[in-house]
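First comes the structure, then the notes that go with it.
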Amino acid sequence: MALRTIDALDLAGKRVFIRVDFNVPLDPQGRVTDDARIRAALPTIRHAIQAKAKVILASHLGRPKGKPDDRQKLTLEPAAVRLSELLSQDVILADDCVGDGVKKLVRDLKDGHVLLLENLRFHPEEEKNDEAFARELASLADVWVNDAFGTAHRAHASTAGMARFVKEKAAGFLVQKEVEYLGKALGSPARPFVAIVGGAKVSDKIKVLENLIAKADAICVGGAMAYTFLKAQGVPVGKSLVEEDKLELARQILERAEARKVDLLLPVDHVCGAEPKETAERVVVNDRAIPDGLMGLDIGPKTLDRYRQRIAAAKTVFWNGPMGLFEQKPWSEGTFGVAKAMAASPAVTVVGGGDSAAAVEQAGIVDAMKHVSTGGGASLEFIEGRELPGVKACEE
C-alpha cells in the first residue's frame, strides 16, 4: 500500500486536523527548552496554511496522571507560544481537545488560521483508543493528517483510531520523510551497509539485531549490551552490567551473524570505572578482558578507531543506541566519536531516534546527518519490521 501524502489533497477551506508531536521538554518556568519537534512539523503546518485550510493541531505532552496540577504543568500553552513565534502568526490555544467550546472555535476558525487543541492525554480515552472519543475528534475534521512519527507505533485515538471516521487522510511531510529514509536505509541500502548498535540491554535490541543481521554487512556493538556478548564468548568483564539470562541468546545472535557472514564487531578495549559515576577514576583497559573491580562504561580508543574505519568505508550507516554512559563526560568519547565519524561520512547516515538522536544533538552535528529520526520507539519498531498503526492509517 502506498502512503498518501498531504500534498496530494485539496485542502482549501477544509478543516484539516494535523496530529503533531509537540511532546517537548519544558523548564521549571514552563518554557520550551528544545523546540526541535515543533520545528520538524513546520513544513506540514505551513503547507496547510498556504493551502488556505482551517488548521487544527493536536498533540500530547508528558504523561498526565489525572492529578489536579497536571493541567497547569502539562498544558500545551508553551508550545503554542513557540509555534506562534516560528510561524509569525497567532496560534489560538483551545482549553480542551473535545467539547462544545472546541467545536465553536473550529466553526469560527478562518482559512489559513491555526488552532492548537489542548493536551490530548488529559483524556484517558486518547491512549485507550476509545471509539467514542475518536469519533468526537473526527467530528472536528474534514481531513486527518498524521505528522507525529514519534507516536506512530501507538494505536491511540488521535494517531490511528479517528482516521476510520474521517473521509480524507494522509501523512504529513515528516512522517513521509521518516518512512522513506528508514525504508530506504533498511530496504535497499547502498553497500557496504554498516549498523552501529548500542544501549544497555541485548533484550531491548533482539528484534533490531535479528533484522540487521539479515541486511547489514557489518554490525558494530557498543554500550553495556556489548558486555553480555563478550561474556557469552568467555571473556571476563569484571563487574560490568551483564544480562546473565541472555547469554545463550547472545551466543545464538553471534552464531547467526557468522552463518550469514556478517561482521559483528565487539569492543577490543574499554574505558572503565569502579562505578558508573562522573567522579569515578577513568581507567583505559587496553584489552578485551576487564579486570575484577572495574566495569566497562564506554568503548576504548582502539575500538572507536575500528568503528570509525567501518563508518568511513560504508555507503550506508544506521545508528541506534549509545556506545557508553555518554550523559557523563568521562564516558562520552565513544558515543560522540561515532557521531562525529558519521557526520564526516559521505554515506547515507541515518540516526534511529532516542539516545543516539540526543547525542547527535549534543554534539551539534544534526545538520551533517542525512536523517535523524524523530521517533525513538517508532523507529525501533520500524527497524524490527513491525507495522506502525499511525503509518498504516495514512495508506491509500
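Backbone N, Cα and C atoms are what each Cβ position is placed from, and that goes for glycine too.
Residues or ranges marked as substrate binding site by Swiss-Prot on the basis of sequence analysis: Asp21, Phe22, Asn23, Arg37, His60, Leu61, Gly62, Arg63, Arg121, Arg154. DSSP classifies Asn23 (substrate binding site) as coil under the three-state reduction. Asn23 (substrate binding site): 19 other CB atoms within 10 A of its CB, across all protein chains.
Residues annotated as ATP binding site in Swiss-Prot, with sequence analysis given as evidence: Lys205, Gly296, Glu327, Gly353, Gly354, Asp355, Ser356. When other Cβ atoms within 10 Å of the Cβ of Ser356 (ATP binding site) are tallied across all protein chains shown, the result is 30.
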- [ ] List the Cα distance (Å, whole number) between Asn23 (substrate binding site) and Lys205 (ATP binding site).
- [x] 24
TODO: Translate the DSSP assignment of Asp355 (ATP binding site) into the three-state scheme.
DONE: helix
Task: Packing count at His60 (substrate binding site) (other Cβ atoms within 10 Å of its Cβ) - done: 27
Task: Which same-chain residues, if any, lie at least 6 apart from Asp355 (ATP binding site) yet have Cβ under 8 Å of it - done: Gly198, Gly199, Gly321, Pro322, Phe326
Open item on the list: Within a 10 Å radius of its Cβ, which of these binding-site residues (Gly62, Gly296) has the fewest neighbouring Cβ atoms?
Closed with: Gly62
- [ ] Translate the DSSP assignment of Gly296 (ATP binding site) into the three-state scheme.
- [x] strand
Task: Cα separation, Ser356 (ATP binding site) to Gly62 (substrate binding site) (Å, whole number) - done: 21
